[in-house]
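Right, one structure below, let's go through it.
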Amino acid sequence: MTKNEIRSLIKEKRNNLTLRIRREYDKDIHERLFELPEFKDCNKLFTYVSFGSEVDTFAIINKALGMKKEVYIPKVEGKNLNFYKINKLEGLVRSKFGILEPEGINNPYLASHLQEDNKLMLLPGLAFDKYGNRIGYGAGYYDRYLGAYSINNWIKIALAYDFQIMDRLNVNEYDIRTDYIVTDKRVISCN
């Protein structure tokens with residue numbers, strides 16, 4: 001299957017989940033994530049804001065804020081992704097893609113200048129394999145961002161429904177791998 005065929009297949013499967021099932025799966029994913037030392041110990045959480053049939057991140061953002069973690073949300077600016085610190089979910093605005101983003105009126109997080117530990121990035125995506133390979137939505141925003149700042153000690157975790165895990169994905173050399181995948185059924189260590 002091509003990447004686009006995989007994207008279409010997974011989107012269809014995700015969109016066909018009932019709201020009740022999706023909430024149940026999301027709860028299982030949240031519980032697994034919250035138990036990981038990588039989540040408990042992180043000082044800074046970089047996460048997307050879920051959209052459509054993606055695994056819900058609103059509960060994760062609220063939990064992290066309640067734990068007094070610094071939370072950073074992405075904003076697409078041109079062909080780049082920049083992350084902005086938020087203190088609450090209120091005040092986010094819809095992008096041209098319909099995704100909630102920070103307004104971006106403050107300075108973005110400068111990953112190139114900081115190499116501190118305990119940074120966790122939650123990665124969106126459509127398909128994953130047990131080796132940490134991922135197929136995203138095709139624009140390459142996260143691959144470019146993480147590739148540019150690969151010297152940093154990022155811990156990368158993908159959130160997915162278990163049916164999004166494939167046997168083996170064909171990816172490109174510039175595709176960034178994830179360290180863990182948290183699904184409704186398991187946690188996969190990709191190292």
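Positions of Cβ are set from backbone N, Cα and C atoms, glycine also.
Under the heading ATP binding site, TrEMBL lists Lys3, Asn4, Glu5, Ile6, Arg7, Arg134, Ile135, Gly136, Tyr137, Gly138, Ala139, Gly140, Tyr141, Tyr142. What TrEMBL records for Val49, Glu54 is substrate binding site.
Positions of TrEMBL features highlighted on the structure.
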residue	record	contacts (Cβ under 8 Å, 6+ apart)
Lys3	ATP binding site	Ile135, Gly138, Asn170
Glu5	ATP binding site	none
Arg7	ATP binding site	Leu126, Ala127, Ile135, Tyr137, Gly138
Val49	substrate binding site	Thr57, Phe58, Ile61, Ile73, Leu92, Ile99, Leu100, Glu101
Glu54	substrate binding site	Arg14, Tyr48, Pro124, Leu159
Ala139	ATP binding site	none
Tyr141	ATP binding site	Pro74, Val76, Asn80, Leu81
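Around Tyr137 (ATP binding site), a 10 Å sphere centred on its CB holds 14 further CB atoms from the protein chains shown. Cβ neighbour count for Ile135 (ATP binding site) (all protein chains, 10 Å cutoff from its Cβ): 21. Classification of Ile135 (ATP binding site) by DSSP places it within a strand. Largest Cα-Cα distance over the residues recorded as binding ATP, namely Lys3, Asn4, Glu5, Ile6, Arg7, Arg134, Ile135, Gly136, Tyr137, Gly138, Ala139, Gly140, Tyr141, Tyr142, equals 21 Å. In three-state terms derived from DSSP, Glu54 (substrate binding site) belongs to neither a helical nor a strand segment and is classed as coil. DSSP classifies Tyr141 (ATP binding site) as helix under the three-state reduction.
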